[in-house]
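If you look up TrEMBL, you'll see 944-957 marked as compositional bias 'Acidic residues'. The domain 'ABC transmembrane type-1' annotation in TrEMBL covers 300-602, 986-1279. Under the heading domain 'ABC transporter', TrEMBL lists 655-903, 1318-1552. Taken from TrEMBL, the feature region 'Disordered' covers 934-960. Annotated transmembrane segment per TrEMBL: 33-52, 73-94, 136-154, 299-324, 344-368, 460-478, 536-565, 571-593, 968-989, 995-1015, 1227-1246, 1252-1272 (among others), in sequence order.
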Amino acid sequence: MSLAFCGNENNSLAYNVDRGVLNNGCFLDALNVVPHIFLLFITFPILFIGWGSQSSKVHIHHSTWLHFPGHNLRWLLTFILLFVLVCEIAEGIVSDGFTQSLHLHLYMPAGLAFMAGITSIIYYHNIETSNFPKLLLALLFYWVLAFLMKTIKFAKYTEHSVGLRQLRYCITGLLALLYGLLLAVEINVILGRRYLCFTEATEVKPPEDLQDLGVRFLQPFVNLLSKATYWWMNTFITAAHRRPIDLKVIGKLPIAMRALTNYLKLCKAFESQRRPLGSMPQGPKWIWRALRQAFGRPLIISITFRFLADLLGFAGPLCISGIVHHISKDNRTIQPPIKLLGVYFISSQEFLANAYVLAVLLFFALILQRTFLQASYYVAIETGINLRGAIQTKIYNKIMRLCTSNMSMGELTVGQICNLVAIDTNQLMWFFFLCPNLWAMPVQIIVGVILLYYLLGISALIGATVIAVLAPVQYFVATKLSQAQKSTLEYSSERLKKTNELLRGIKLLKLYAWEHIFCHSVEETRGKELTSLQTFALYTSISIFMNAAIPIAAVLTTFVVHVHISEEADLSPAVAFASLSLFHILVTPLFLLSSVVRSTVKALVSAQKLSEFFSSDEIGDEQEPNQCPAPSLHLSQPLKVVNRKRHPRDDWNNYRHEGVFDICFDQYGTPTLSNVNIKVPFGQLTMIVGQVGCGKSSLLLAALGEMQRVSGTVTWNILPSLDSEGDDSCFHCVYLGRKRGSVAYASQKPWLLNATLVENITFEMPMIKPRYKAVIEACSLQPDIDILPQGDQTEIGERGIILSGGQRQRIGVARALYQQTNVVLLDDPFSALDIHLSDHLMQEGIRKLLREEKRTVVLVTHKLQYLPHADWIIAMKDGTIQTEGTLKDIQNSDPKLFEQWKTLMHRQDGEFEKETVAESMTVLERKNLRRAMYSKEASKTEEEHEEESVESEEDDSLSQAMRHRTTIPWRSCGVYLSSAGLLLPLLLLSQLFKHTLMVAIDYWLAHWTSHVITAKMDATGRNCTVAQECGFSHSWYLSVFSVLCCLGIVLCLVTSVAVEWTGLRVAKELHHNLLSKIILAPMRLFETTPLGNILNRFSSDTNTIDQHIPATLECLSRSTLLCVSALGVISYVTPVFLIALVPLAIACYFIQKYFRVASRDLQQLEDSTQLPLLSHFSETVEGLTTIRAFRYESRFRQRLLEYTDANNIASLFLTAANRWLEVRMEYVGTCVVLIAAVASISNSLYNHLSTGLVGLGLTYALMVSNYLNWMVRNLADMEVQLGSVKRINGLLKTEPENYEGLMAASQVPDGWPRQGEIQIQNLSVRYDTTLKPVLKQVNAHISPGQKVGICGRTGSGKSSFSLAFFRMVDTFEGRIIIDDIDIAKLPLQTLRSRFSIILQDPILFSGTIRFNLDPEMKATDDMLWEALEIAQLKPVVKTLPGGLDAMVTEGGENFSQGQRQLFCLARAFVRKSSILIMDEATASIDMATESILQKVVMTAFADRTVVTIAHRVHTILNADLVIVMKRGIILEYDRPQALLEKEDSVFSAFVKADK
């Protein structure tokens, strides 16, 4: 076939120009080539030179990027132009197919135009990014030329009466219009930027965001193509392979998306609803209205995109129907095209009847549909994230104004507020995500049903009814699921509580050999949890089953009805496969229905909660300045005071309360404070005293404006700084201020930030070294700081978890001392301090530091011995002022009160004498802290360990680590699946069978429908009116089809149950193994691994394995098998497809490889940025009074904005990354559809492939594009979730303690040890094989019934000595023989169950008192009462409701420290063993109780061997034998009297120091 531009038939009219050149169709087409050639010739050199010159900076930095006017419109028009040009090319090719020779002029100009169109947009993009508008002239000329040529062509067509019937006429008109519009856009750029015809070009700057190099989230700024395909994310996602993504990499949020911007938007929306009188409307409606006003517009855009996507989605089934129909037409005769102007024309019907055209249209429709769908998701999610930021900020600002009385009255708890932030804002965000579905689902369902009706008639409605009837069932299942989840959650938290107790008391449990009792208790709760998980699994499997079975059931009923209703049922492949695809589309909205409805209900509840919270009481406005007052006024320098000679009481300057004012907590109850009228002298120490609950703290809070005032005023007088030192005549310049400045306030319950110790003390003030040192010294914090691993740079956990009460209180006071405010309010700062620290703080801190700086100090205290130091005393009683004045004044005016004080003062001083200078509480606290820190230090968290090992080696190890990040943890997958046991083969087989059956069903449908067509053709050949007459019957095909469908449904049930059951089985196995491993692990594990890490294995990791992995596994296996089976079917139908599959598979591999790494990093980043945000909220709520007293609201708000933005940008990047993946996977899927369609059409036309198989191939190709990205998303999720298995598996490798002994338990004599004789021979022990020995070759002999005291400095090996008896440490040399048996030979359980030990830290468990004393339930009530009596606890327990069955709360919080220690003593007495070991057991008991105890031990244990490890040496003066240790060896070993007589003995030195 020869080739010529105008064709080369002999009689060709193509070259006929008799009636003028312009009346020749071929010449018109040739004329249209001119503009395109012009553009290609002009722009290529410019682009080439431009790229050459920019080669150094090919990536033009986005800071210069400025959109020209009409930017988006130009991109849109160019896309439409390209699409129309493709249609023009296709139309040319189709109409050329009717002639012998090829007419190039029918499609070559369109091809050139297509190239020119692409070149124009590339050219424009480069000019725009380099901001060089003058070069746009080339485009201006091009648009003018193209517009003119097309208009001439269009005019000539009209002249020759070519009309709308001809497709080419319409296309030409459209193109002329598009070129005209593009010309208009170009002229608009000239008018906007004035680069031509104007003397001065407009100066334009890029948006502020792009000038800021920190902004890396470019979605709002890039061009339309990059927006739609997330092209700008490419570099970001590929870079994740080279280095992990952190907050530095993702940069800042663009201004429009920052929490502050969105908060202001929301506030504006709230304000606009104010009523005329200024009151705010209440109720959730008001919140919805504001949200609609602030965030409605983007949501409407999202819904529009969703509508477009859903409507385009129906192109799939329609095109399949068209293609199969076209192929199965037996007579392919189409009337020849019309010839006008010497050129052939075809109508649009003929054009659309071509199968290849439909395949290309399907390709474009799918690409558009996917793009719109992802755009809709993105816009909805971005809006949701912005909305969450705005609401969180609004909640925070509300918290800042909350009335603290609401909190103390229990109307609002910290937990409730944190739930608002963590849960309710997320519910609203999710609602916004799913909102487009609410509108799109009805449309999708209606259109789907109409199309089905059009294809299948009435039977379609019956099939649709099946789906509709099962939808409520799904909703019911969904509600049941959430109920099951709730009950599971309750059991999990109970199990966690028990596990937490078990881990905290593990040392005690091991020493008493009780671990199995507790282990059993945890297992019992786990059993209940698993039962509840079974319900959860059952409903999940029903839900999965319904998702899979509904479409099969619907298709089955439809086809059965369809065949039975009409004899002449048209069941061609076109109808069958189009309806199959439609059913797949219909099922999607119905699955979503349940989750959308649930989400809507939750959002409504959340809005209700938020509206209640926003309408709760606020504190009065007059104390709230808009911003912190400028420090220069009175905060920075301490004021100089005038007129020193005056009587101090005349000096009322700085600050006072004037007038009578009542303050009350509750507007209706009686006032907390009433008739208070006081003045506080400036620069002096005022003390407020009174009984508990008389309103001392309330007075301070009232002064700070934290209480609801009923009447009266508080006035803060601010004195300007006066330099006239000695000028007596200078009267007081008093600046009366309603607004108070910053006040240093230390609350009664200390409030600490989750920050370093320094930050807690300096509290946002600049660091002044000498001042800081003085404050640390005054609060005696230096010894505590020395213990902390990083000194004062140590992070104090949330609420100061690692510190004791006294330490926290001192830090709180230190903060108040460090601030340079004029006024200092201290609320009972001595309550948690012992006497020495109190005295030191009073002298150094309050009297020295604060008085020297002339600061006004108000001190609330119970320690009356400090009253003589006060310049002014306010005594309170029952919310009123009893009396005020100096101590002398009160002595004169109220002698009775003074006497009362005096006796109390003496008593307190007496206490002072009684409390010896021995190791006080503080020293003990420090000791505990040192121990805690030691174990913390020894074990940084596992992740840190991994990271450190990575950093320490060189780059190759880094690349290895990066490689490690990119591989899927197959080993963990193996561990997970191997735990399933026999269920695994069942699971695999059922999944494979199910998918094989699915393919079989569809294959049979193809076979059946193809036979219907051949039967029809036969019928036509043999002149039967209907196929049935010629002996064709549907019934055989139908029965096979029904059987296959029913089997399919059964297998769906089997697989869904198998997956969930496997998940349960694994969860049960892993938790059981983990618990039994942990219980038997050596003590060293708990000392070196932070408790939190082990607990996380039991909480979050177990939860992941329980609930998330099964679902992800199911989804992953389903989508993978679907993709595999689909690709298999397509390859079977058209083997050519396999060649095209290779490049697509490679593309998929790289996309998923890059995505998984980035996705995992971003997911971790999102989780890790959420924690500081939530803890900032809870911190703020707890420290409200302090923050407001210091006037630091704005600083905390600023910090909140930073946290929120960090969390939001991680979420946005995660969303963008998900969209990046999905768009790419969807495009790969559309390529699969295009290739499959073209290949199968060719195969059918030339090799007579049966039409049913073509339909089958196309239906499956459509499915691939749906499931490809699900596969990758699930793979990424699975990878994150398998991390849990990996971490648990890490703990499972722990070596347990050696519980077996050389002797069996039955060989040990029953009453052993009867005498309690202990022989220690050459004993050396260490904590671990890698560590140095802590005891070195110790020898000792303890006779039966002896009382032995062991003393020595900290770290001398005293405690290790006691642990050696229980084999808690590694004995590597020597032996201990008790009653002639070497303890190394005994089974551990037996050995430990025969001794008693009392530890230094008292540990109680939640449960009854009986359970705490005797978990084994062996002792009688009398034995328990006896033990309690010995421990001085009988009267206490007698008064409790339930006596021995009274409950002990977690950690024994409902008893004091001393009582807890006494319970531990009682516990040791219950176990009547002949050897008792006391390890510093009396540390937390006061002297009096301790002496009683010593006597009791001596009498109750008169005949038993007692080993006491002492920290107060005087407790072991009565012992029979004293052992003094130093660095793991015995220094002295004798009777105490003998050692005391030796002047130079270490023991006598200890005793002297203790006096």
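Cβ atoms are placed via backbone N, Cα and C, with glycine included.
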Can you give me the average pLDDT across the domain 'ABC transporter' (1318-1552), rounded to a whole number?
81
Checking distant contacts: for the transmembrane segment (1227-1246), what same-chain residues at least six beyond its ends satisfy Cβ-Cβ under 8 A?
323, 327, 355-356, 358-360, 362-363, 366-367, 370, 1127, 1130, 1133-1134, 1136-1137, 1140, 1144, 1147-1148, 1151, 1253-1254, 1257-1258, 1260-1262, 1264-1266, 1268-1269
Mind pulling out the one from 300-602, 655-903, 1318-1552 with the most Cβ pairs under 8 angstroms to the domain 'ABC transmembrane type-1' (986-1279)?
300-602
How about long-range neighbours of the transmembrane segment (33-52): same chain, 6 or more residues beyond its ends, C-beta under 8 Å?
58, 108-109, 112-113, 115-116, 119-120, 122-123, 126, 130, 135, 138-139, 141-142, 145-146, 149
Distant-in-sequence neighbours of the transmembrane segment (136-154), which means Cβ under 8 A and at least six residues beyond its ends:
22, 28-29, 31-32, 34-36, 38-39, 42-43, 46, 68, 113, 116, 120, 123-124, 127, 169, 172-173, 175-176, 179-180, 182-183, 186-187, 189-190, 195-196
